[in-house]
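Trainee: Encoded as structure tokens, here's the structure I'll be asking about.
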């Protein structure tokens, strides 16, 4: 076993949690500067293991907590982990952790994370070899110097500690204390014996007179007994007579109470029936109100539908007339359009012919004009240009410009041609699209009509289901009211049961149910749920005739909880307390009940109570435990006899009870408050309530849920249809919008077609003129430059002038004619497009709209809905009439029940009056019985006061009359007066004092024997203490010599025991001392005393020569330290520990001796662990592991370091120390 690891937090200079790397099982060296925390590390281990820190005051605990920068430390702990692979600690683990935690108000030990006491820790350490008498397995800083300078007496004290004499001293002190106490008791007993002897002498003289007194007193008591006994017998006879009368009266009272209870039961039954009928009436009236509200709503809906149907019929009638009018108007419009189109067809050829002529004339006029202009220009170029070349140059330039202009004109003409062709193609495409859209429009209209029809079908079905649901809701409401009434009835019965049972018990039952519900909800402890079987009362049945006796027998045990095992009850109670639930509970664990079979008496006057109970055989133990030792008897007399004979509890059917111990209990028991009856009623009401709830859930609510689901489905269908309707109507509007747009496009295209044609003709005429000019210029190119036209050209000019004038005149005539025809065409087209055709479109649209409603879909749906609402109104009125009839019949039934209630009330009152009269008579008898019982008690008391009497006293005076008895009694009293001064207790006192004397003598002998035993024990303890010191001295002395020779080769050292009877200059070794001790003590006692020893001296020689042996005072400081170390090693060899902690033990040694100490530690480290601190390099050589302690920011840290780092630190510290 050794220290494997140390964990420190908050202790002295170690603030943060410091986990020291595991130690070697041999030699570990810790190095560090002064004040870095090495000693605090040793203090931490000592804090856990040593007695030095056992009883710390609060201020001492605070002093051990770390103080530094940062937040204040409020608690600290030191944990030591031991390697226990050798099982030196009696714990079956290879690693054992021991932790001590302190704070301002706490000081706790934890062994393997479990809290233990300080004594447990100390006992555990002692079992592992840590002796309280030898604390030298931890050697603190300065301890070596302290031992080196200690006097001889101090070393003797140390030797006594190592020898363990403290135990002997403690036992000796206890023995001395016990001996003093025994001596005091012996003196007291002697005083008492002296007093008793004197008192016995006095009582001997009083005994003679007492004998005469006792003779007459015996006679007096016999006479008084006879008188009292006669009075007692007379009183008993009268009591028996009264008991017989009371029994007869009690039977009559029972009959009257039974009759009264029957009347009350009938009244309660009638009240229940009246409540149920009133609840039924209330439900019917509420249903009637609901029906009335429904009927009002239905009538309102019917009125709306009737108005809507009428409006639709009127609308359809008006639509028919309008359609005829529109068709007639459309026909007229078509005729007018045809007429105008015919007129247009006649005018357009004329217009086109005139226009064509005009265009040809304009083109010819432009050509002739251009040709003339060219000829004039040709004439002018003679004066314009000076030479032919200049003119040709200009013509070429002009031709180039003309070619470009002609090309531009051709492109424009080609573009207009293409535009006209595209317009014609678009016109055809537009027409195709328009026809397609018209076809789609008809399909969409048909689909909208179909959706309208489907929508109204679904709506009608939904309305029918809603009507059915309303009926079911009314039914559910009626059932809910019946359920509420039944629940109210159950609550009343539960309240009665609560009133008859203790609040704590009922709270306990409720709390147990909460615990089980918690388990069920969490899905845990299934075996606990299965192992709980409810209270006793819920687990059996019996005939009502036995309710009273069963209930009286069980009492509150009726509410004990049956469980399979004590484990189940423990689990329930743990959760019960964890949830802080109220109430009290008592469990009957079947596995713990010890029930034995009972031998019941074979008699016709009694039966075992358990035979009249019906229960699950599984719970036989529980019921035998509660009822197994009880008999149901015919009468109280039988109960008394059987209880005495068979030591069993007996009870009558009326609840009068006789305990096997002799106690009698009984009296009137109110059966109306029977808890078994109440529990039966509660259970029955719960079953009825469960049936009603099941019916409500299985039938009505399931149907309502089904209808709700169907209505939701229909509502979803209606929403889907509405969505589709909106979609198709939007599609229809979109198609109409597209058709309108196409029509407008076509009209716009027709409007732009004619201007484009005219523009084309103008461009073509201009192109001809430009081509003519180009040809003229080309012809002129290369000709001679002339200032005058040639004759041919002049003729051509004249001819052109004539042609131009003629063409202008023709063109004016054609223009006038074209304008006239164009005006006619424009007027006709405008009338067609802006008037006739536009109106025709409007008429067509109105006809289409009329066609949408013309099918009567809405009217058909409205008519169907109206028929359905009429049927619902009729059904509602029929149901309302049925409810009126039912209400009348139910109210009549209530009146009959109320009459019956009055009759039963009168009967109950008659029985009550009879019971009251009987009760008064019974009270009189009870008062008389009470007086007789009092007299009986007085007689019995006086007889008891007479004390024990001889047998002759019971028979001697039985034949005498009361008069004679009183006469003899008077004579006895006269004689007794003569002995009034006699000590009547003289004989008793004499016997009593004699007995006390014997007891005291025995006690005195016991004390004498005890005193002798204590003296013997003290002698044995003194001898053992002497032997222990002698043995320890020999072992330590031997070890000291051996260790010193190893530390100082060639040296010699001995220990010397010093004694009190020897002069201070005289000292002897262990052997001589032993002989002197025995001789010195032999003159006084056979037991040698350790008090003769005064000290332990040390004599050493560092050279080995006998003549150079010196005392400790004669040695240098380093030699003293070495000797002290040798003594410590010797003590440790005598009482070895599993590990040792040395704090700077080599401080005062020179290098040679430090090396010897290091070698010694290396030798001892084979069998024990060493943890040492040093500032010298010698101890490092024998070490197996090295640790360095650093102090940063007022906090210590300890880490594993290498041997080289440890040597460097020691050398550096030695250099700069």
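Backbone N, Cα and C define each Cβ position, glycine as well.
Here the structure is a predicted model, which means the values were calculated and not measured.
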Trainee: Of 1059-1090, 1091-1122, 1123-1154, which range does Swiss-Prot call region 'Disordered'?
Mentor: 1059-1090
Trainee: Among 105, 194, 820, 1025, which is the one flagged in Swiss-Prot as N6-acetyllysine?
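Mentor: Comparing 105, 194, 820, 1025 with the record, Swiss-Prot tags 105 as N6-acetyllysine.
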Trainee: Quick one: which of 215-241, 242-268, 269-295, 296-322 does Swiss-Prot have down as region 'Disordered'?
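Mentor: It is 242-268 that Swiss-Prot annotates as region 'Disordered'.
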Trainee: In Swiss-Prot, which of these is labelled N6-acetyllysine: 106, 514?
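Mentor: That would be 106, per the N6-acetyllysine annotation in Swiss-Prot.
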Trainee: According to Swiss-Prot, which listed range is coiled coil: 606-637, 926-957, 958-989?
Mentor: 958-989
Trainee: Which residue does Swiss-Prot record as phosphoserine, given the choices 133, 864, 1013, 1196?
Mentor: 1013
Trainee: Tell me which residue from 25, 401, 787 Swiss-Prot records as phosphoserine.
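Mentor: When Swiss-Prot is consulted, phosphoserine appears for 787.
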Trainee: Measure the Cβ-based neighbour count of residue 33 (ATP binding site), defined as the other Cβ atoms within 10 Å of its Cβ.
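Mentor: By my count, 17.
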Trainee: Between the modified residues 105, 106, 1013, 1190, which lies closest to residue 38 (ATP binding site), Cα to Cα?
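Mentor: Closest recorded candidate to residue 38 (ATP binding site) by Cα: 1190.
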Trainee: For the C-alpha pair, I'd like the distance in angstrom between residue 140 (N6-acetyllysine) and residue 36 (ATP binding site), rounded off.
Mentor: 16
Trainee: Residues of the same chain, at least six outside the region 'Disordered' (242-268), with any C-beta under 8 angstroms of its C-beta?
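Mentor: Contacts of the region 'Disordered' (242-268) (Cβ under 8 Å, skipping residues fewer than 6 from its ends): 654, 671-672, 901, 904-905, 907-908, 911-912, 914-915, 918-919, 921-922, 925-926, 928-929, 932.
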Trainee: If I take the Cα of residue 37 (ATP binding site) as reference, which of the modified residues 105, 783, 886, 1190 has the closest Cα?
Mentor: 1190
Trainee: Among the modified residues 783, 1013, 1190, whose Cα is within 10 A of the Cα of residue 39 (ATP binding site)?
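Mentor: Cα within 10 Å of residue 39 (ATP binding site): none.
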Trainee: What counts of helix, strand and coil residues does DSSP assign across the region 'Disordered' (242-268)?
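Mentor: Across the region 'Disordered' (242-268), the residues distribute as 27 helix, 0 strand, 0 coil.
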Trainee: Should residue 1190 (N6-acetyllysine) be counted as helix, strand, or coil on the basis of DSSP?
Mentor: strand
Trainee: Do any of 106, 886, 1013, 1190 (modified residues) have a CA within 10 A of residue 35 (ATP binding site), and if so which?
Mentor: 1190
Trainee: What's the CA to CA span in angstrom from residue 33 (ATP binding site) over to residue 783 (phosphothreonine)?
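Mentor: Counting only the Cα atoms, the answer is 134 Å.
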Trainee: Work out how many Å separate residue 1013 (phosphoserine) and residue 34 (ATP binding site) at their Cα atoms, rounded off.
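Mentor: On Cα coordinates alone, these residues lie 59 Å apart.
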Trainee: List the helix, strand and coil residue totals of the domain 'SMC hinge' (530-642) as derived from DSSP.
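Mentor: Its residues fall into 57 helix, 21 strand, 35 coil.
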Trainee: Within 10 Å of the Cβ of residue 35 (ATP binding site), how many other Cβ atoms are there?
Mentor: 12
